[in-house]
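First the structure, in the form of structure tokens, and then the observations on it.
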Amino acid sequence: MAEIPTSSNPSDDPETQKLNGNEEDYDHHHDEDPESDDENYEYALQIAEMLPFPMVMQTAIELDLLGIIATAGPDRQLSAAEIAAALPAAGNPDAPAMLDRMLYLLATYSVVTCTAVDGGASGGVVRKYGLAPVAKYFVSNEDGVSLGALISLNQGQAFLASWSKLKEAVLEGGIPFNKVHGMDVFHYQGTDPRFNKIFNKAMYGQSTYIIKKIVRRYKGFENIQRLVDVGGGLGHTLRVITSNYPSIKGINFDLPHVIQHAPTIPGVEHVGGDMFESIPNGDAIFMKCILHDWSDEHCLKTLKNCYKALPRKGKVIVVQMNMIEEPQTTPLAKAISQLDVCLMTQSPGGKERTRREFQTLAEAAGFAEFNPVCHVAGFWVMEFLK
């Protein structure tokens, strides 16, 4: 006969709880919704085991799995075996099974679609995978760019190593990236050619998507004759702007070790320098995702230099995400918060800011007017008017 389990603690007995005056606690415990508690535990499991998703995404980018599916044609789905056959020198007999498990994970995050079909004589099912709507951003487009490079940057060893110093930075101060590499991320670029290449490629990929949308929606480039792009990297942002506004003379301004790799672009002059020292003169100054890399003090120094470089009625066009003052659970809110914490680990005082904080910076730098103009794919285009 099976032994009836008993509690080793008499106070756990319901009747004992009542006798001890704990009836309310007992009732509260047993009133808890079991389904709700299960959902909370399942979510906790997802959090505890979330590392495989970014790692699998990185491997998918390296193997170009999404590109292989895209090459098959619109709305096509491929089995893991078909995808494995398209890999270069795929001599591993277990590759299809491994890819199937990886793609299954990506399907749970809606990166790919999945249809299970009858496996026929082999028994079981065969899963076929296609591209979900978000996947197009991780497949090279007509400009040869994707957000895959941004994944490679964030998953690269230079950035990954920074996270190991986050606890130390919280307790002792300092910037995790600096603790690992002995310098800030921007000077580190000049010492590591491979990292510099990945960084520039990631910035190029993201900028290309965003600036094309901005040029279509934002009309503030009209009547500008000389536009200075501060922190313009290799000049691709100005390439898009000047191709749409040929009358604009573009000045691509960045650190010398960045500018030396910049290609020749019609209508664009590359100028090396330091934005904390001085900025070339222009009718308007453009800055996309620059201020979020720096502390308020550094931003003020840069903005004051912008103010000096502008004529009366000139403007700084700032493109940045805007942090929401109270956390939300939307994909955009999560993306902004994730980037904010990345900046905390990698940049000298960098952070995402609220609209109110941008207005405070603009006013402190001497600008007469702060004007949020339009919202484009998660970014705000804001004008600081002199």
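Using N, Cα and C of the backbone, Cβ positions are placed for all residues, glycine too.
In the three-state DSSP scheme, Lys288 (S-adenosyl-L-homocysteine binding site) falls into the strand class. The S-adenosyl-L-homocysteine binding site annotation in Swiss-Prot covers Ser207, Gly231, Asp254, Asp274, Lys288 and rests on similarity to another entry.
Annotated S-adenosyl-L-methionine binding site per Swiss-Prot: Asp254, in sequence order. With a 10 A radius on its CB, Asp254 (S-adenosyl-L-homocysteine binding site) counts 25 other CB atoms from all the protein chains.
Counted within 10 Å of its Cβ, the other Cβ atoms near His292 (active site, proton acceptor) come to 21, all protein chains included. Taken from Swiss-Prot, the feature active site, proton acceptor covers His292, and the record attributes it to sequence analysis.
DSSP assigns Asp274 (S-adenosyl-L-homocysteine binding site) to coil, not to a helix or a strand.
Here the CA atom of His292 (active site, proton acceptor) lies 17 Å from the CA atom of Asp274 (S-adenosyl-L-homocysteine binding site).
In the three-state DSSP scheme, Asp254 (S-adenosyl-L-homocysteine binding site) is classed as strand. Farthest C-alpha pair in the S-adenosyl-L-homocysteine-binding residues Ser207, Gly231, Asp254, Asp274, Lys288: 21 Å apart.
The Cα atom of His292 (active site, proton acceptor) lies nearest to that of Gly231, taking the binding-site residues Ser207, Gly231, Asp254 as the candidates.
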